[in-house]
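Notes follow once the structure below has been shown.
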Amino acid sequence: MAEVKPEEIITHPPMDQLQGFEYCIDSNPSWGEAIALGFQHYVLALGTAVMIPTFLVPLMGGSDDDKVRVVQTLLFVTGINTLIQTLFGTRLPTVIGGSYAFVVPIISIIDDSSLRQITDDHQRFLQTMRAIQGALIVSSCIQIILGYSQLWGICSRFFSPLGMVPVVSLVGFGLFDRGFPVVGRCVEIGVPMLILFVASSQYLKHLQVRGLPISERFSLLITITIIWVYAHLLTVSGAYKHHPERTQVNCRTDRANLISSAPWIKIPYPLQWGAPTFDAGHSFGMMAAVFASLIESTGAYKAAARLASATPPPAHVLSRGIGWQGIGILLDGLFGTAAGSTVSVENVGLLGSTRVGSRRVIQISAAFMIFFSIMGKFGALFASIPFIIFAAVYCVLFGIVAAVGLSLLQFTNMNSMRNLFITGVSIFLGLSVPQYFFKYTSSAQRGPAHTKAEWKSIIWSYPSVSRSTSASCELGLWPKQSSSSLCLHVSDLCPFAVQ
């Protein structure tokens, strides 16, 4: 028998589960630690829950009061959807929150000519919100049908480890513009947060208090508190007094206008903005975002299963989770969250950072979301954290999710030229093709596919809804008069740039 050469010995054999996780999906920390970890996931979910309404509501004509109500509603529905997913869906420790994939189709609805012609800002906000609700309700049928019909489960049977590498990796890599490009808008806050978070979670992780690795488990809470206080000291000391307006809205801690506008107690309820209106053009545009959310969620579920030390979700479980996620988007439409739902990628990354994949922790975070969305003043206090701080955390957490996707390469033969070809080309094109559409739209002020076709449809509404929006029946998916503003808004997606 030939002797095995030293270089042929595999020192790190492929392993289905990641090592070093003290709590997996079904093992739970003590109640005190679980509550603190759940609150940490809640704080992280605030970034997206505040950013999307803060950007979209002013474009719709909404006031600060409307913005706060939408933030509360989005958090409330996020808590409900998270509980549903952890109890009845995939039962993985995933937070189901707002998705950036819905921003572009929602902007196209906001810029619709029939809505733009409404002169009263509050009425325009209500009519726009109702149109978004109708589009979300109709488009949610895609995930509901694909999920409960088991069609997506049938498709997922063909997801090999090699095929899932770009899907999972691009979930993290594809959000690179939410990271350091946003940190760079206020480097004196963002860079210290990034350095402190990395140092706390990686280099001080062996720091223990009564046997608990306090720095590793709660590095997010500790560093956010420190940098938040530091940013507030810069604000009250007048450090930004003579700086440009753009710098002030990104760096100051007193520009969110959330605490003063938030009610003490407010319970979101379905159809709180009025009965939804339904339009074919709006719905088809939203369907594209729902399908993008479907792909993103599939990759995030795979990453969450690996970070929770669980077996990969089988086809029927993945299909069931997608079906319940479709129900979640339906709830988004009924409640009026101004965004659809997907798996929160940053919260999946936090599972790896804390090395705690417990499902109970995520369920506790959902309880925090529901509670603080009802107790408006208290929720607004935490929601006023500058988004620059969250962007610095995203640099780490999105990277963890991307690395989880790359870790699937250990189950493939990377000495095969075909596998190298598939991996390299799929990841490169996954980053390069969206960049082409972005660059083309920015320069030409329209998409590359321009047929000059128009939707001719009827706006259906309940009798209680004003029919002022039905005066114009010619609706375009990408209105000509709004294309330039669309490029500006999408390329400058800053949560506090629009007040």
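Here the Cβ of each residue, glycine as well, is placed from N, Cα and C on the backbone.
Copied over from TrEMBL:
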type: TRANSMEM; residues: 39-58; note: transmembrane segment
type: TRANSMEM; residues: 94-110; note: transmembrane segment
type: TRANSMEM; residues: 131-152; note: transmembrane segment
type: TRANSMEM; residues: 158-175; note: transmembrane segment
type: TRANSMEM; residues: 182-200; note: transmembrane segment
type: TRANSMEM; residues: 220-240; note: transmembrane segment
type: TRANSMEM; residues: 361-381; note: transmembrane segment
type: TRANSMEM; residues: 387-408; note: transmembrane segment
type: TRANSMEM; residues: 420-438; note: transmembrane segment
Of the stretches 39-58, 131-152, 361-381, which racks up the most C-beta pairs under 8 Å with the transmembrane segment (387-408)?
39-58
Which stretch, 39-58, 94-110, 158-175, 220-240, tops the Cβ pairs under 8 Å count with the transmembrane segment (361-381)?
39-58
Feature contact check the transmembrane segment (39-58) with the transmembrane segment (220-240), CB under 8 Å, 3 or more pairs:
yes
